[in-house]
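Database features (Swiss-Prot):
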ACT_SITE  GLU23  active site
BINDING   HIS22, HIS26  Zn(2+) binding site
DOMAIN    192-278  domain 'PDZ'
TRANSMEM  98-120  transmembrane segment
TRANSMEM  371-393  transmembrane segment
TRANSMEM  418-440  transmembrane segment
Amino acid sequence: MGDFLASIWWMIVSFSVLVTFHEFGHYWVARRCGVKVLRFSIGFGTPLWSRRSSSGTEFVIGAIPLGGYVKMLDEREADVTVAERNQAFNRKSVWQRIAIVAAGPLANLLLCMLLLWVLFVIGKQDYSATVGRAEHLAAQAGIHPGDRITAIDGRQVTSWSEASMLLTAAAMDRQNAVLSVIGPYGERSEHTLELSKLKQPFDERHVTALVGINWQFMLQPPIIAKIEPGSIAEGAIKPGDIVLAVDGQQTLSTEDLYNQIQKLGRDGHPGMIEIRRGEERLALELSPRKSAQGVWLLGVKTNPGPVPAFDSQQRYGVLAAVPLAIRETARMTADSLGMMKRIITGQASAKNISGPISIAKIANASAKRGVGWFIYFLSLLSLSLAIINLFPIPILDGGHLLYYAIELLKGSPLSTRAMAAGQYIGLALLAGLMGLAFYNDLLG
């Protein structure tokens with residue numbers, strides 16, 4: 001329950017920050033263009049707070065914190081007095097209307113850049129891209145446990161998250177990747193990871209595991225959380241015990257334990273389960289039982305072991321961080337557009353489209369990891385909001401920009417009928433996209 005409420009809270013905080021910047025972009029440029037803004041609202045529904053400025057704008061915080069809007073004076077929506085007609089949005093030139101509409105996504109792009117600048121100044125704690133286990137394609141490439149990946153295809157890597165992202169992009173493009181690594185004793189080498197050998201189709205969310213790379217910080221002995229009543233573990237294993245090895249094979253993850261128990265069951269003999277209980281190290285002889293589903297079980301539930309301290313953090317000076325933030329924003333934009341292209345062309349699965357449930361979970365997880373992680377999450381979300389809003393779909397900012405582009409080409413605005421038809425098409429497309437996102441959330 002605690003995680004559920006925390007996820008909702010951090011999602012509200014995230015959306016509120018991003019929506020405020022987005023709508024302020026529209027508001028600020030509208031005022032510069034001489035448009036009267038009637039209402040600036042963060043959230044929908046019943047106003048929880050409101051205040052009217054000297055310019056006549058009502059600033060509102062709504063009860064439903066799932067978006068926001070800027071309502072401008074417009075003759076197409078209500079009667080406008082003769083004295084105020086020059087302040088109506090629809091009376092402005094097409095270039096002014098383009099500037100007002102584009103200002104929202106641009107504000108989110110600038111926010112992304114600002115957040116990344118802050119991140120480079122304060123530093124984001126992370127884990128280095130140090131390999132804990134190398135199997136399958138990684139082992140074939142000559143990667144060994146203890147190797148730290150420093151670059152992939154010439155692009156510098158400072159953390160496991162960067163390495164995972166670059167490997168995923170290369171795998172989706174069906175390209176091999178050249179990994180520059182530093183070994184445990186400082187020796188440098190390069191290895192070609194043959195990602196083109198990955199069996200198609202594959203789950204893009206687990207590329208590193210599929211190629212056989214397990215990151216060192218993730219490999220921690222599992223902790224027993226619960227004992228099933230009547231199981232063979234009852235009376236022998238206790239909650240809090242840490243599983244160290246099974247039949248002499250080191251246990252470094254919950255997945256390890258599962259695979260080792262299955263092997264014990266298939267081999268048909270008891271196995272020695274080594275555990276640590278407090279300061280004691282014990283060896284227990286146990287035989288797994290086969291469930292009705294054909295899975296071998298000890299009768300325990302486990303939690304991942306304690307995560308070690310972060311071992312990677314880089315800070316930069318206030319001025320030095322500016323070009324870094326600009327370059328990182330450009331890189332993230334290119335990566336995001338590349339992913340969208342892959343989804344559209346079928347190179348990547350539509351499962352990569354996340355909805356509010358996934359966003360809430362990620363917001364909570366990043367907030368738990370620390371300020372730097374949450375800032376990075378906000379920068380990604382802000383950039384995504386900017387890009388999505390520029391889609392040429394009616395009802396989104398990009399759809400309005402499409403209307404104005406057509407107006408520039410034909411010399412006159414689209415008819416009300418054509419714009420209304422576009423709105424219906426836009427609603428249908430957006431509803432389909434949101435439905436897919438919710439479906440992916442529920443499956444995930």
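Glycine residues also receive a Cβ, built from the backbone N, Cα and C atoms like all the rest.
Across the domain 'PDZ' (192-278), DSSP helix (H, G, I), strand (E, B) and coil residues number 28 helix, 24 strand, 35 coil. Close to HIS22 (Zn(2+) binding site) in the fold, though at least 6 residues off in sequence, lie GLY68, GLY104, PRO105, ALA107, ASN108, LEU385, ASN389, each with a CB less than 8 Å from its CB.
When the recorded positions GLU23, HIS26 are compared by the number of other C-beta atoms lying within 10 angstroms of their own C-beta, GLU23 comes out lowest.
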